[in-house]
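Trainee: Below is a structure I'd like to ask you about.
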Amino acid sequence: MKKYILAIDQGTTSSRAILFNHAGQIHGMTQQEYPQIFPAPGWVEHDANAIWHSQLAVAQQVLKEQHLSAADIAAIGITNQRETTVLWDRQTGEPIAHAIVWQDRRTAALCDQLRADGKAPLFQQKTGLVLDSYFSGTKLKWLLDHTPGARVRAERGELAFGTIDSWLIFKLSGNHVTDTSNASRTLLFNIHTKQWDDELLALLDIPHSLLPAIVPSSGIVGQTYTSLFGQSIPIAGIAGDQQAATFGQACHRPGMAKNTYGTGCFMLLNTGTQAIASHNNLLTTIGWTLGNDVDARTDYMLEGSVFMAGAIIQWLRDGLGIIQHSSDVEALATSVPDNGGVVFIPAFSGLGAPYWDPYARGTIVGMTRGSNKAHIARAALESIAYQTVDVLEAMQKDAQILLQELRVDGGAARNDLLMQFQADMLNVPVIRPVVTETTALGAAYLAGLAVAFWESKEEIATQWQMERRFEPRMTDDEHAQRLYTWHRAVQRAQAWNI
């Protein structure tokens, strides 16, 4: 029997490959960073070839380091940064421009115009998304309009569009597909019919010929070229990073929720087969589709997206230079007893849910002569938790439920100070699992189910284990005062860059 699943985890700042055994444990992991490109204020790009080369390199390297071959791998599962938009030549397989990253805000004015034209309700009803430059649709339109010759070539059927999952699968196998979870992040996909939407494509002037075929999240969608790993490996699982993390956290039942603390911060609440429309500026999105085709059972999610979480810590390191390593932030923050009145609004690229203000900008308020770098570090960590509170309050209003616990993962979930503060501000227990690499684990589980490496979701759920539980311990008065101060500071940051 083949012993491992290879998870490909393509993130915003690095590409990783992780091997999982049948117990859902990590057998080997390799990571490689690659550069982000910032050609103008508010613009963020990637070289799609740099993504491909780094991802292939770590996949090959992890097999080599563990003295394994393709014969030991039952399947590949792919998870990816979502919304990031790639446009490439079908014949050569080469990108015709840099990829536009999910953080990129260049199409904010286009979204403003579409809202002014009264199109926001149509987009929300069909896609479950707010009309924001965060999503792929307006990014793709921008590429077609601003890349010389792109629109003519697209009309001739020479070009292919995809999010990062599509791009990697094309490079691995030659197939042009995407799963329902990634498609649901494009502003072009009807989450109810589970098909590309002709009306929305026409509104954004996007040719249907560009689009990948829609496939389930769990199922064999292609075989890797034999030249890549010595023999072919089935590609059997696909999900956007946050949906994959939700699956990896075994949040398989309605009412279960997880929060991932990565570059951004993303809370997803499973609503089962019901797509709940948000009235509080959250997103309704597809979690996963399990079955032989896209008409199979689909689980929906409510999602709150926070743009800046781990990226704040990177800025403290690279922008301010007040820490040498990201892991140093907890020690610096705990060197002072509190934030000293400092509040940090990390709206470097606007504010996400529930504000959706692309014109908000990063703000630090409440500083005095007594403020120092430790207060700023502590306020930066606290801002991650505060943004999560804003999302949860909106989520509970939409779903009409009170959360019983929050499962957490991602790099910053290893920060005990942040997790305790998160429990205090949410006023619910925060639970950290033994395996915090749940994004890659979710992709592995989806692939493993497709090839019978695991038999069922129930078997997967038994593998989930708690590492630590953080109980809330803040007084009601302090809780209320802190939230009041946070919301005052948010108002200072909003609508700044108009």
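Each Cβ is built from the backbone N, Cα and C atoms, and glycine gets one as well.
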Trainee: Thr12, Thr13, Ser14, Thr263, Gly310, Gln314 bind ATP according to Swiss-Prot; which of Gly162, Gly174, Gly411 goes with them?
Mentor: Gly411
Trainee: According to Swiss-Prot, Arg82, Glu83, Asp241, Gln242 bind glycerol; which one of Tyr34, Tyr134, Tyr261 is listed for that same site?
Mentor: Tyr134
Trainee: Around Glu83 (sn-glycerol 3-phosphate binding site), which residues of its chain at least 6 apart sit with Cβ under 8 Å of its Cβ?
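Mentor: Result: Trp102, Tyr134, Phe135, Ser136, Lys139, Thr163, Arg185, Thr186.
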Trainee: Pull out the binding-site residues from the set Thr263, Gly411, Asn415 whose C-alpha sits within 10 Å of the C-alpha of Thr13 (ATP binding site).
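Mentor: So the list reads Thr263.
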Trainee: Consider each pair of residues in Thr12, Arg16, Thr263, Gly310, Gly411, Asn415, all listed by the record as binding ADP, and report the largest Cα separation in Å as a whole number.
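Mentor: If we measure all Cα pairs in Thr12, Arg16, Thr263, Gly310, Gly411, Asn415, the largest is 21 Å.
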Trainee: Long-range neighbours only, meaning 6 or more apart in sequence with Cβ under 8 Å: which ones does Ser14 (ATP binding site) have?
Mentor: Gln31, Gln32, Glu33, Tyr34, Ser54
Trainee: So what sits near Arg16 (ADP binding site) in its own chain, CB-to-CB under 8 Å and at least six residues off in sequence?
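Mentor: Listed in sequence order: Ile8, Asp9, Gln10, Met29, Thr30, Gln31, Gln32, Val58, Ala440.
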Trainee: Among Thr13, Gln242, the binding-site residues in question, whose Cβ has the most other Cβ atoms within 10 Å in this structure?
Mentor: Gln242
